[in-house]
Amino acid sequence: MVFGPTHTFLRGLASYAFASFWYKVEVHTRVGGLEVEELVPEEGTPMIVVANHWNSAADVAVLSCYFPHYRKLHYWAKSTLFAPGLPRKILLDAGNLPVDRKTKDNQKLFASSFDALKAGEAIAVFPEGGSYTVHELPALKDGASWCALEYAKNLRDPRTRRVLSDGSTAKTDPKDVVISIAGIAYSDKTKYRSCAVMEFGPNIPVEPYVEEFLVSPKTAVKKLTAKIHEELVKVIVNAPDWESRHAATMARKILWPDDKKLPLRHMREIDQTLIDLFAAPNPSASLRRLRRLLNVYRDALYSTGVTHLSLSSLPLPATLDPSVPHPLPTRMRVLGTVILSTLACLIRLPFFLFPLIVHLPVYLFARYAASNALEEDQAQNKVALGLVLALVTYATFFAVACALLWTSIPWGGALLVAIVGTIAFVAYHNRLIDDNYRKFQRLLALWTVLFALWTPVAQSEASHFLHSVHPSLSPAPPRPGADGQYVSLETEDEMDALIGATTTDHEDAETGDERSGREGDSKGRRKPLPSPALFSEEDHLLGNFPHPHLSSGSHHHPSHQPDRPATPVNGTRTPRTRTSTAAGSTRTSEETTIEMPPLASGIAAHEEGAPVTRAQSRPPRRSRAREIRALLRLRAETVARLREALFDSPADGDDEFEDGFVEASRLYAGANGNGAAGSSAPIGFEGRENASRLLARQVGERMKELGWRGAGLGSGKLA
């Protein structure tokens, strides 16, 4: 089948539109020793290209515009779309192949596909059956396998080998089809000026499945589909759950804040390696906490509308120690950074002001077009509306230029100058947009941070910070007890459970001796709790109520009158006793319950009989300034934990870390079901910690091999 001018026009238009949307698109292969041009056959070899489909029309554009050898690709379309007349001519001219889904004869179903393959052309198929945002590759449809094997069957019949669907004869002897595997990944598939990568796996021949297909078609088709699924998984990013996927993506953005410096050749491997770390079986408490922190930080960035890249100009604390509270940047330091960034933008503004004014409607309407769309449709909506508005804008610019030039030079010269001027204007805009767009994002984030730092701190937020500096200065934030009442937090593990660790506490149980080494020293001093960053999500979970004040060694709700005893939910007030062991000593503390309804009850405080004002009965709201301050602390905490996990080397002679090699081998061998007889023995707390530390160090070394150069994790010395 011959591609017509419609295909050439549409591919050229898509190339222009998506070249403006993406910053860079690279094509690679995971087959060692081969370049992608050597792996993918040239024109003349029939191919069925199988690719994942997670970004709607953007996937089609990446395949069609960046395919090796610039080969033209056919796509399947329902036969009902090919109405007689102009619609049929346009669709066929664009390279679409009609597929009649109602027929039960596969030879008729794929007749147009056979014609294209016998002509040595390529067909692109998305076997998922649609475009979805998923964390792993779903089960694939069998259409590509049926087409490949039915075509092989057609070639092996001398009566149909060279016969086309219209009764004519093929000019050359047809060849067997080759199935090509292509995985498409994006640094951020919805963002303007992000990056895309297309990675090819080894080709799959159909000859090994033909004989079985002639005897048992369905069995052979299922085997070929399973093989396609197996190879496609190797060239895309897969995660067992969204939490691991989001944590890995956020970790990659911290390690490589700027997509320009991201080694796109290794982007898929970077993401998959980090996913394997966060999805490891039986993770330690520290690894679970890091995974949860990355997800909380990601959600905080989304809710505040700030990107990690835009915060990269703010220096991290000099000491990134997870056990030390991280201070906010000083007001004067941020003010100085804001002034310098503002001056830099003002210097650039005159050179970009005119393109900015001309393209401003395109930016705004394209952003609006994606505001309510599904994640997999946002990029195509931005490109589609942006393309229409850009064409109208450039046509207007061209018309105005012609009108102005016709008054001074002949119309032929005016037309030529207007065309060249319009092309130069578009190129000028595309050349300047990257730096100006990033600097504008950073400047906006800096002004937001400056506003947050100069806004007065609320009493509850100050209580959080005082408690993180020294627990005795302010009581710990309350947590819900087993009976729905609230008690104070005592250990870091309890905070880990509160911020949403996916593994329950009993799965990470420690013995008294193990806990004593972490909870206090020989003098019984209690270890400080994590920095205030961890309390930001706690505010959401507990309704963002103020902290209780410390009075006579007991906790009480601030709304209670001093002479009025608090009444618990069940009508009685029962002190409870907790005993904890620290360095061989026993400490007994009495906790007083706080009058608050259970979290899941949905009962307001005023319905429980507590005297509250109208303002207290309203849903709590956090100020914008407080959210930004919490985001800054959360950023420092997350970076510190990630750095500690991946790159901080253990001290020399650390026997516990060396023992992690043995524990890790036993742990993961047992998880995979191929360990020794003793591998099913329970793994203790120290074993999980050492095994996770070992795995994280290996991931850190792999990140260095894949191109990480020490940026984005503070100025301290790394291992």
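Including glycine, each Cβ sits where the backbone N, Cα and C put it.
Unlike curated entries, TrEMBL annotations are predicted automatically.
Note that the structure is predicted; figures quoted are calculated from it, not measured.
Listed features, source TrEMBL:
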| type | residues | note |
| --- | --- | --- |
| DOMAIN | 47-187 | domain 'Phospholipid/glycerol acyltransferase' |
| TRANSMEM | 338-362 | transmembrane segment |
| TRANSMEM | 383-406 | transmembrane segment |
| TRANSMEM | 412-428 | transmembrane segment |
| TRANSMEM | 440-457 | transmembrane segment |
| REGION | 503-624 | region 'Disordered' |
| COMPBIAS | 571-587 | compositional bias 'Low complexity' |
Other parts of the chain folded back onto the transmembrane segment (338-362), taken as Cβ under 8 Å at six or more residues beyond its ends: 313, 386, 389-390, 393, 397, 425, 428-429, 432-433, 435-436, 439-440, 442-443, 446-447, 450
Residues of the domain 'Phospholipid/glycerol acyltransferase' (47-187) by DSSP state, where helix covers H, G and I: 50 helix, 30 strand, 61 coil
Integer average pLDDT (0 to 100) for the domain 'Phospholipid/glycerol acyltransferase' (47-187): 93
